[in-house]
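Below is one structure, written out as structure tokens; comments come after it.
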Amino acid sequence: MAEKRIDEATGTQTMGHEWDGIEELDTPMPRWWLWTFYACIVFAIGYTIFYPAWPMIDRATGGTLGWSSRDDFDKEMQTEARRRAPIMAALAATPIDQLSANPELMQAAVEGGRAAFKVHCVQCHGSGAAGSKGYPNLNDDDWLWGGDLKTLEYTIEHGIRNPDHDQTRMSQMPAFGRDAILDGKQIADLTAHVRAISRQDKAGAASARGGQLFTDNCAVCHGPAGKGLRPFGAPDLTDAIWLYGGDSDSIAATISNARYGVMPRWGEKLGPVTVKMLAAYVHSLGGGEAAPPPVADPAPDPAKPHVQP
Amino acid sequence: MSSPDAIASASLYAKRKAVYPKAVDGFYRRLKWAVMAVTLTIYYVTPWLRWDRGPYAPDQAVLIDIANRRFYMFAIEIWPHEFYYVAGLLIMAGIGLFLVTSAVGRAWCGYACPQTVWTDLYQHVERFIDGDRNAQFRLARARWGASKIARRLFKWSVWLLIALGTGGAWIFYFADAPTLFSEFFAGEAAPVAYGTVALLTATTFTLGGFMREQVCIYMCPWPRIQTAMLDEKSLTVTYKDWRGEPRSHGVKKQTMDLIQTGDCIDCLQCVSVCPTGIDIREGPQVGCITCALCIDACDKVMAQIGKPRGLIDYATFEDAELEKSGAPARPVIKALLRPRTIAYLTIWSAIGAAMLFALGVRTRIDISAQQDRNPITVRLADGTIRNSFTVKIRNMEARPRTVEIGIVGLDGAVLWSGGARPANARTVTLNVAADSVTKQRLFLGSARPGEARQPFAFTVRALDAQGGTDTEPAQFERPETQP
């Protein structure tokens, strides 16, 4: 172990260690570096006093300035809410069927609906609202319960087949096969008839037999021509769109076991403005319908189940 | 400097030797005044020129509207996607410098470069306040007293005012000049305007007042590029040493006839007028910006001593060799018209002509279409397949227009823009706002079977007297599986 000494070549003191003749110079830190280092320490101490820093048992110390990132976030959210307040107020005050008179408000509603759709609806209807088997495509022009703004708003607000909600859209197709209302051959005939009226198969003896069965069992809800009836959410069986598939097997399965598509009611959860925006968005996707002309004879109350299983 | 110690201690830094150029008059000095007047007038006046474009566009003749991303230059309006015109202009400017260099050497440096023009202006102010070369020498050496401080403060104030004007004029190219002018003095202009003026005032004051020739010699890359571009056919300021040497400095007139002397009397007038402080008699050098003031100075002296002018003159290296061997000087036009110059001129004009042609035939209406991808296809109740597209119509005229969007190909298809689907319509009429892009979602339905991806095209046609059309190819997609 060598003693501390002044190195001749550099004039700097050594550390006092020596390994196999190699010694280390005790070169002092550059002054600017040292002062920067001290300044950093002072800054760090100040920071821990003014800002949240030291972890305690249930939370960190708050800091004397009382700053928190959550408060910042809240403030930004409040600013955004204030910015949107006039639009939201206007949306709340405007009935949905009068929205189209104000293109700017309509545009705001569609954009708001687009955002809300991405959060609440894409799980079933898909990110592009194209649906999938059992979940309707909202881009097309085929609607089970109606596709004008007011009807869409009602459907979204009250949901479909919510047994614990009086105003919900409710209907139930009988399970003709499972409940032994029709036998296998009759179901096959009925399937042939549905295939014929949707112009997927040519009419034949089976479909003619099925036609009679249809009139007896199905025409109440689907209409005598199979065009569907919206008050019951009964689909049009003559068009090109099949929610559960239009091939013979799928149709037979549907007749046999029935379908019971459910949608949550969103009115309570999202509030009237968001529901309005969602309706406007869905209406804008390409299949939105104009409001139906007012009819003298009120439509049957869709809230009441009309077809008992 | 041969010993290693001397090399080790030699510094690469050389302290600036102050240059106090003497006033001079003559042909090239007057040419420089004229160029200065023209360039400064263009710089200061251009933003104030007006050009009527109707109610939907600014009426400033030259305006770089960064906020709205438009560039206006008289009748020409350039959108960001047409930036290649600006690129073309820059290429023309670059080749223009090559052209000028090959024809007349470093004329850009000597006459038109902003550094030269503003330095010249500052030196003129300096001579006006401090006096000519010798007075400036004396003042620089004088002790700091009340008179020197007063003169310096006065000079710097005038410089600062010029600098402020320079920086101030710059911002008017980027906003409506009269509005910005009143806003600027009312303290209501954008912070970036004040920042820009402050920055350009500082650079003008420093570069024109103090850096001067050091910018040309040390900072600017252009002299280095030019030294590489100069050849034996380039026009440079040449001291005709075969005529001037040996110099007759200090030789009494009586004895001059006895010993062989050249025309140069070593009066140092060429050095004292030089704005970069070089001695042109040492031959071509990077410090020479070919401002030709030494030619004026020397011609004056030659006239006084009764010798022909042009001991220092513009000449090419090749001509200098010819002259040296006694051949008659060639006309200047020969130096100008040579293959390299003509080649540059051809390229430069070709780019200019191509740009003018492109400007002349460019359409002021433009369509682009993007297919909505989610979902790509939608089957409608009657079996029709529907695609939807987001179409953008770019109306580059400064007035609202009515356009008709149509489709080419895809027989039997129906085009509509929302609401109920029409039975058969292949066009949609749209009002587009002035000088802006209008976005429109369009639906396209086809009931006919066909390929999974069928090409067709969108067209747009302006429905007014001026007209104009554009086409955008697109594809109609059908689902590959049937329900």
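Using N, Cα and C of the backbone, Cβ positions are placed for all residues, glycine too.
Unlike curated entries, TrEMBL annotations are predicted automatically.
Bear in mind that the values here come from a model prediction, so they are computed numbers and not experimental data.
Here TrEMBL flags A:32-50 as transmembrane segment. The domain 'Cytochrome c' annotation in TrEMBL covers A:108-198, A:205-286. According to TrEMBL, the heme c 1 binding site annotation covers A:Cys121, A:Cys124, A:His125, A:Met263. Annotated heme c 2 binding site per TrEMBL: A:Met173, A:Cys218, A:Cys221, A:His222, in sequence order. Sequence annotations record features per position, and here TrEMBL assigns region 'Disordered' to A:289-309. Taken from TrEMBL, the feature compositional bias 'Pro residues' covers A:291-309.
Shown on the structure are the features that TrEMBL records.
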residue: A:Cys121; record: heme c 1 binding site; DSSP class: coil
residue: A:Met173; record: heme c 2 binding site; DSSP class: coil
residue: A:Cys218; record: heme c 2 binding site; DSSP class: coil
residue: A:Met263; record: heme c 1 binding site; DSSP class: strand
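Closest by Cα distance to A:Cys121 (heme c 1 binding site), from the binding-site residues A:Met173, A:Cys218, A:Cys221, is A:Met173. Distant neighbours of the transmembrane segment (A:32-50): 61, 63-65, 67; these residues of the same chain sit at least 6 beyond its ends, with a Cβ under 8 Å from one of its Cβ atoms. Of all the binding-site residues given, namely A:Cys124, A:Met173, A:Cys221, the one with the smallest number of surrounding CB atoms inside 10 A is A:Cys124. In the domain 'Cytochrome c' (A:108-198), the DSSP tally of helix, strand and coil residues is 41 helix, 5 strand, 45 coil.
Looking at A:Cys124 (heme c 1 binding site) and A:Met173 (heme c 2 binding site), their Cα atoms lie 22 Å from each other. In this record, heme c 2 is bound by A:Met173, A:Cys218, A:Cys221, A:His222; the longest C-alpha to C-alpha distance in that set is 10 Å. Residues A:Cys121, A:Cys124, A:His125, A:Met263 are listed as the heme c 1 binders, and the farthest two of them sit 10 Å apart at their Cα atoms. Other than A:Cys121, A:Cys124, A:His125, A:Met263, the residues of this chain whose Cβ falls within 8 Å of the Cβ centroid of the heme c 1 site are, in sequence order, A:His120, A:Val122, A:Gln123, A:Gly131, A:Tyr135. When Cβ atoms from all protein chains are considered, those within 10 Å of A:Cys121 (heme c 1 binding site) total 21, not counting its own. Each residue in the domain 'Cytochrome c' (A:205-286) has a pLDDT score, and their mean in this model is 94. Here the C-alpha separation of A:Met263 (heme c 1 binding site) and A:Met173 (heme c 2 binding site) works out to 16 Å.
There are 20 other CB atoms within 10 A of the CB of A:Met263 (heme c 1 binding site), with all protein chains counted.
The two recorded residues, A:Cys218 (heme c 2 binding site) and A:His125 (heme c 1 binding site), have Cα atoms 28 Å apart.
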